[in-house]
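Below: the structure, in structure tokens.
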Amino acid sequence: MSDPITRPTVGTPRESVDSSAVEEKREGTLPRGIDRLGERKRARLEQLAQATADKGGVSLLRDAFRRLRRNPTAIVGASIVALFVLVAIFAPLLAPHDPAQRFDELTKNLTVDSIPGASSEFPFGSDPLGRDFLSRMIHGSRQTLFVGVLATLIGLALGVLIGAIAGAFGGWVDNILMRVTDVMLALPALLLAISLVAMASRSSQWTVILAVAIVNVPIFARLLRGSMLAQRESDHVLAARALGVKQGSIVLRHMLPNAMTAVIVQATLTLSTAILEAASLSFLGLGDPDINRAEWGLMLGVDGQRYFEVRPELAYYPAIAIIVVALGFTLLGEGMREAIDPKSRR
Amino acid sequence: MLRVIVRRLLQLVVTLIGLSLLVFVWLRNLPGGPIEALLGERATPERRALLVKALGYDQPILVQYAKFMQRLLTGDFGNSIRSGDPVTEVIGRAFPATIELAAAAMIIAIGLGVPLGYLAARHRGRLLDNMSIAGTLLGISIPIFFLGYLLKDVFTQNMHWFPPSGRMSTGVDNTEVTGFFVLDGLLTREFDASADALWHLILPALTLATIPLAVIVRITRASVLDVLNEDFVRTAEAKGLRHKTIRGRHILRNALLPVVTTIGLQTGALLSGAVLTERVYNWGGLGTLIYNSISGGRDYPVLQALILLAALVFVVVNLLVDLSYAFIDPRVRVR
Amino acid sequence: MSLLDVRDLSVVFQRRGERPFTAVDKVSFSVEPGQTVGLVGESGCGKSVTSLAIMGLLPRRGNKVTGEVNFDGADLLKLRPDDMRDRRGRDIGMIFQDPLSSLNPVVPIGVQVAEVLERHRGMDRKVAMKEARELLDAVGIPDPMRRLKEYPHQISGGMRQRALIAIALACKPRLLIADEPTTALDVTIQAQILTLLKQLVDETGTALIMITHDLGVVAGLCDTVNVLYGGKVVERAERHELFARPRHPYTHGLLNSVPRLDSPRGERLHAIRGSVADNIPWVEGCAFAPRCDNVVDACLEGTPPLEPTATGGDLRCNNPVSEEVAVP
């Protein structure tokens with residue numbers, strides 16, 4: 001299923017107009033105006049030496065990091081993510097009120113078809129239970145981050161474990177594990193999550209986290225295995241093997257670290273989908289039943305849906321927050337992908 | 001070619017067996033155990049005893065699995081706990097509605113996505129390109145049920161352009177033939193029914209199309225950019241061919257190969273999205289069925305059948321996509 | 001009157017936020033009807049860019065093309081894109097370096113030959129396919145009937161290049177541009193393709209611009225040779241003259257770096273030191289100066305002009321290799 005009949009890739013490297021032009025342009029940025037031929041050559045040699053020294057092992061990452069810092073996509077994404085994390089950390093300081101407290105001045109105005117709107121005391125107005133919506137939004141960042149990060153980390157850990165075992169051993173172990181991931185991938189993500197939630201007698205925050213995590217396991221497993229298999233054939237692993245390095249330490253020291261970069265990029269992208277999937281589960285009534293919990297997906301999926309016609313802000317604010325944060329993680333992930341593999345830049 | 005088909009079919013069988021095992025294990029681990037899961041909490045002791053016997057619950061686990069498989073293969077999924085009707089019947093009623101919705105969404109996604117992706121690639125770095133990139137990013141970041149409510153709010157509550165929910169207005173007389181309402185109207189020459197069904201279909205289909213649309217735009221764009229760098233496009237230009245020929249025969253015919261694969265892989269996303277979309281628009285399909293069988297007291301027999309069906313659809317669609325590849329791409333055909 | 005007359009052709013690549021880069025710098029040369037002209041130089045010297053500029057195939061954005069390309073009484077650079085499109089494939093044909101990637105992998109060979117006939121000679125598919133069969137036959141592809149229906153990956157590299165030649169010559173153009181047509185091929189196939197090109201050019205009277213880095217190709221094919229370095233023509237001469245008495249140190253170096261059968265065994269090949277990339281900081285001087293054995297102070301001050309030589313060629317050098325030190 002995820003192994004479409006392999007196609008030969010068309011096109012071999014060639015002397016192309018653009019690349020040679022770019023190549024030479026880069027060289028062209030050398031300082032100008034030195035008179036003596038010898039001096040010029042020495043300068044050039046030094047430059048060359050420096051360039052090759054830069055191509056060492058560690059600097060691959062440093063290179064990627066430098067490209068990351070120059071990539072506007074990544075910068076925007078990272079800024080959004082940083083802001084989100086800061087709000088989550090300092091939520092108790094930022095929120096004007098206790099998110100669980102019901103205020104009399106709000107509850108007394110609550111009716112079936114009206115929920116108090118913005119006031120100077122409560123800038124975002126009230127939620128359906130007479131609590132301060134702004135404070136709930138601010139505290140919601142914490143819970144949303146918590147759900148997203150935990151679901152991603154658990155999915156990543158399990159996926160990496162399965163992928164690493166499959167990639168390291170190959171053979172029938174690989175075959176069995178990959179058929180299992182095939183089965184999991186054959187199920188629509190949301191349906192898989194629903195079936196998993198259904199296994200619990202009562203839904204809770206943890207069932208949501210686990211369900212979202214498990215949906216992502218096969219993706220991480222496939223990714224890690226794929227890049228480890230690619231590594232197995234690569235020159236540096238062959239060299240290590242030729243030098244008689246033990247299989248175990250080849251896997252741990254050489255294959256895994258290199259394969260992990262792709263996984264980290266995927267994890268960043270997954271943070272975005274995890275938050276969206278958690279919101280979807282809440283929308284379907286399979287979310288956290290705790291009415292005191294302030295989490296954006298929950299707020300959007302439950303109250304936002306129920307009171308959409310009464311007070312659409314109850315849906316708009318958490319929805320916008322989710323969209324912006326999901327966008328942030330996506331942009332950061334894409335930026336990282338571009339930085340690690342400049343060729344993927346489109 | 002034949003070898004490829006056989007290998008893929010074998011893989012499909014293995015996947016389905018794995019899936020049946022998974023569902024079997026899943027059923028056994030449901031709260032209250034499989035008997036309660038399949039009969040509901042209120043079943044009489046006599047019926048429970050009967051099912052224990054039928055499932056071979058007093059027998060070794062392998063026999064239980066064999067019986068489970070036997071029931072699956074004969075299409076015996078038992079009765080819905082909610083309605084008491086046979087599961088196959090319940091699903092059969094909902095299936096066409098979802099297929100109609102998903103097909104409409106896919107038509108929108110492909111019909112808009114491929115041209116948009118192509119144009120974005122041809123105008124790389126310009127306004128149209130940047131806008132389509134921004135659009136696709138937004139498309140994958142927006143919770144689609146929220147988008148559904150938003151579209152519903154704007155186009156039905158405020159502008160009254162489209163009906164708010166359902167598959168057909170009450171009072172429209174239609175004859176069901178295939179269960180695809182738009183098609184039924186055409187077949188029975190009840191064109192007003194067809195039009196009404198189409199009217200109801202547009203907003204849900206647009207909502208459901210968001211994610212596949214975003215994905216198709218991105219893949220098409222990237223793929224066209226790849227092909228534009230290929231030497232054979234330069235050859236085609238050097239031949240002085242017309243734009244139309246270069247676009248169709250030389251660029252798109254090559255660039256659409258990866259898009260076809262993507263379309264297969266989007267089946268899963270489409271089914272996930274259908275659960276949410278159908279809930280927003282009260283569309284009586286599989287998504288609604290999934291929702292009902294989980295939230296209004298869990299209807300495990302229906303859910304079990306739905307899981308198997310969803311996976312089957314996904315696997316078969318992707319098999320077809322892979323096989324169609326062999327007909328589209330001559331390089332695969334000869335192997 | 002010359003068939004093609006290139007006057008002061010310059011191509012400057014300019015991307016936003018980057019320094020402009022001159023890939024082709026005031027290149028002039030002409031091609032008479034039926035003549036074969038060589039453009040010779042290392043990769044990056046601007047020879048491919050020159051040919052793409054003549055064909056109007058450079059990307060629309062990111063570059064600036066100036067000068068004149070007079071072909072058949074019209075300046076190709078001033079033609080409207082659609083008029084140029086009419087001429088490409090009909091008046092000027094082109095074949096490229098890598099025959100596999102230059103053919104569309106998902107379209108049968110026959111269609112790829114026929115479509116150019118349909119476009120420029122108004123044939124319908126049936127007639128065009130018949131003509132395509134004859135063209136494939138003419139370029140020496142065995143069993144052309146079967147090949148028409150086959151795809152590029154099903155035929156050999158040599159046959160692919162033959163098919164590309166058939167495509168380029170399908171409309172009997174008056175000028176054919178061959179951009180390194182043999183570089184991607186096996187050595188034995190290279191000779192066959194060159195022989196075929198020579199034969200076809202002779203038969204049809206098509207003028208040919210041969211772009212290559214391989215002096216062996218030049219020796220067997222070209223009437224006149226332009227040697228390019230750093231985007232500039234550094235030497236132009238008749239083939240015999242060039243091989244007998246190379247004047248520019250770069251040409252001299254190129255000839256010396258070709259292995260010869262008659263040189264003493266064990267003698268080392270003379271490589272030109274450095275690489276093309278070395279030229280760029282020297283924009284104010286001769287581009288070849290950092291690699292040149294004959295370099296003098298004047299070479300660093302400015303680029304010498306291209307001046308006629310006594311033997312009818314042109315030379316751009318302050319301190320040319322003396323005529324006596326020619327290659328044996």
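Backbone N, Cα and C define each Cβ position, glycine as well.
Keep in mind that TrEMBL annotations are predicted by a computer and have not been checked by a curator.
For A:22-36, the entry in TrEMBL reads compositional bias 'Basic and acidic residues'.
According to TrEMBL, the feature domain 'ABC transmembrane type-1' maps to A:141-333.
According to TrEMBL, the feature region 'Disordered' maps to A:1-36.
According to TrEMBL, the feature transmembrane segment maps to A:74-95 (among others).
For the transmembrane segment (A:145-171), same-chain residues at least 6 beyond its ends with a Cβ under 8 Å from one of its own Cβ atoms are 84-85, 88, 177-178, 180-181, 205, 208-210, 212-229, 232, 247, 251, 255-256, 259-260, 263, 267, 270-271, 274-275, 277-278, 295, 297. Marked as transmembrane segment by TrEMBL: A:145-171 (among others).
Taken from TrEMBL, the feature transmembrane segment applies to A:183-200 (among others).
What TrEMBL lists as transmembrane segment is A:206-224 (among others).
Summarising the annotation, TrEMBL assigns transmembrane segment to A:263-286 (among others).
Remote same-chain partners of the transmembrane segment (A:315-336), defined as residues 6 or more beyond its termini with a Cβ less than 8 Å from a stretch Cβ, comprise 64, 68, 71, 73-81, 84, 124, 133, 137, 140-141, 144, 264-266, 268-269, 271-273, 275-276, 279, 296-297, 299-300, 303-305, 307-308. Under the heading transmembrane segment, TrEMBL lists A:315-336 (among others).
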Cβ-Cβ under 8 Å with the transmembrane segment (A:74-95): same-chain residues at least 6 beyond its ends: 68, 132, 134-135, 138-139, 141-142, 144-145, 324-325, 327-336, 338-339
Non-local residues, at least 6 beyond the ends, that sit with Cβ under 8 Å of the transmembrane segment (A:263-286): 144, 147-149, 151-153, 155-156, 159-160, 189-190, 193-194, 197, 203, 207-209, 211-213, 215-216, 219-220, 223-224, 227, 295-298, 300-302, 305, 322, 325-330, 332-334, 336-337, 340
